[in-house]
Amino acid sequence: MSGNTLGLLFTVTTFGESHGPAIGAVVDGCPPGMSLTEADIQIDLDRRKPGTSRHVTQRQEADQVEILSGVFEGKTTGTPICLLIRNTDQRSKDYGNIVETFRPGHADYTYWHKYGIRDYRGGGRSSARLTAPVVAAAAIAKKWLNEQYGTEIRGYMSQLGEVEVPFTDWKHVPENPFFAANADIVPELETYMDALRRDGDSVGARIEVVASHVPVGLGEPLFDKLDADIAHAMMGINAVKGVEIGAGFDSVSQRGTVHGDELTPEGFRTNNSGGVLGGISTGQDIKVSLAIKPTSSIRTARESIDKAGSPASVETFGRHDPCVGIRATPIAEAMLALVLMDHALRHRAQCGDVRVDTPRIPAQAPGKS
């Protein structure tokens with residue numbers, strides 16, 4: 001397995017399995033001299049961790065991060081930062097019935113055929129549990145980006161199954177377990193999820209992520225365009241099946257007179273580009289939407305096969321999220337932060353001394369969106 005590292009100058013390599021003794025990440029390329037403590041990282045981990053409501057997996061993991069290297073006297077040293085999160089609530093016996101079978105929609109079948117061996121306990125390496133070290137590593141990137149540029153990365157759920165969640169205000173996002181930017185719809189979402197759990201089924205979700213105060217110039221055309229790397233990273237999140245940037249697939253029905261974001265001395269009139277033109281950041285908000293599929297591990301019996309190729313019925317009894325999208329918001333924020341951090345360092349290395357006479361216009365003209 002060779003696809004465990006993300007980034008070029010700011011790299012993150014994750015390790016571990018869902019039911020192993022620990023999971024973690026090695027972060028390399030972080031500039032020296034930045035103040036960093038475990039508490040800085042723990043904030044985002046607590047937003048992602050399991051067992052925080054009845055609507056997510058009831059696996060109880062504290063997800064307490066340990067910094068093993070790369071920080072001395074409270075500051076980054078420029079050397080690799082090793083982050084460790086110990087697994088404490090594994091229950092491997094729940095997976096005894098899938099040792100010889102494959103869950104429909106899960107990585108069981110493909111991992112078996114590719115590697116000839118698979119850790120069936122909680123999905124092993126393919127588990128969404130491995131997003132915890134990603135979130136931990138990204139907390140470092142978020143901190144550096146904010147200190148350098150004032151960059152802020154926020155996300156919210158805009159759809160849960162068939163239920164659309166209209167955006168009303170960012171302040172509501174931390175107030176509910178769905179990361180919904182709408183307080184009024186939370187009771188409906190809770191009723192929806194309670195019914196789904198009783199049915200032994202699962203559902204997908206749509207997540208929106210926005211990065212504000214991003215500097216102009218991030219991205220490396222042609223093949224390391226900023227939006228290309230964002231899409232690549234987002235597709236690395238478990239259960240993500242679609243990525244849109246800016247207007248996304250709505251661009252198909254837009255005319256050029258609408259889609260092209262007009263520039264004025266006061267700022268951009270619109271942001272259909274999602275903050276990226278020609279693979280390079282414009283300084284506008286970077287807007288990303290994710291489509292997340294329903295959880296594969298469900299209590300309803302499904303048709304499958306066993307290792308011999310014979311018909312089998314599969315029902316999963318482990319503790320699972322009926323909608324992995326509920327906890328996906330901080331994970332999506334994390335992936336965007338990692339890509340922006342890597343590209344910020346790459347831009348600084350090659351083009352940090354580039355100067356042009358044209359002024360940088362505001363991200364948004366007054367009265368426009």
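Each Cβ is built from the backbone N, Cα and C atoms, and glycine gets one as well.
Among the features that Swiss-Prot reports, NADP(+) binding site is placed at Arg48, Arg54, with the record citing sequence analysis. DSSP assigns Arg48 (NADP(+) binding site) to a helix. Its own atom aside, the Cβ of Arg48 (NADP(+) binding site) has 21 Cβ atoms within 10 angstroms in the protein chains shown.
Using a 10 Å radius centred on the Cβ of Thr295 (FMN binding site) and all shown protein chains, the other Cβ atoms total 23. Per Swiss-Prot, FMN binding site is recorded for Arg125, Ser126, Ser127, Asn238, Ala239, Gly278, Lys293, Pro294, Thr295, Ser296, Ser297, Arg319.
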How far is it from Lys293 (FMN binding site) to Arg48 (NADP(+) binding site), counting Cα to Cα, in Å?
18
Any idea which of the binding-site residues Arg54, Arg125, Lys293 has the thinnest Cβ neighbourhood at 10 Å?
Arg54
Ranking the binding-site residues Ser127, Ser297 by other Cβ atoms within 10 Å, which is at the bottom?
Ser127
Rounded to a whole angstrom, what is the C-alpha distance between Arg54 (NADP(+) binding site) and Ser127 (FMN binding site)?
20
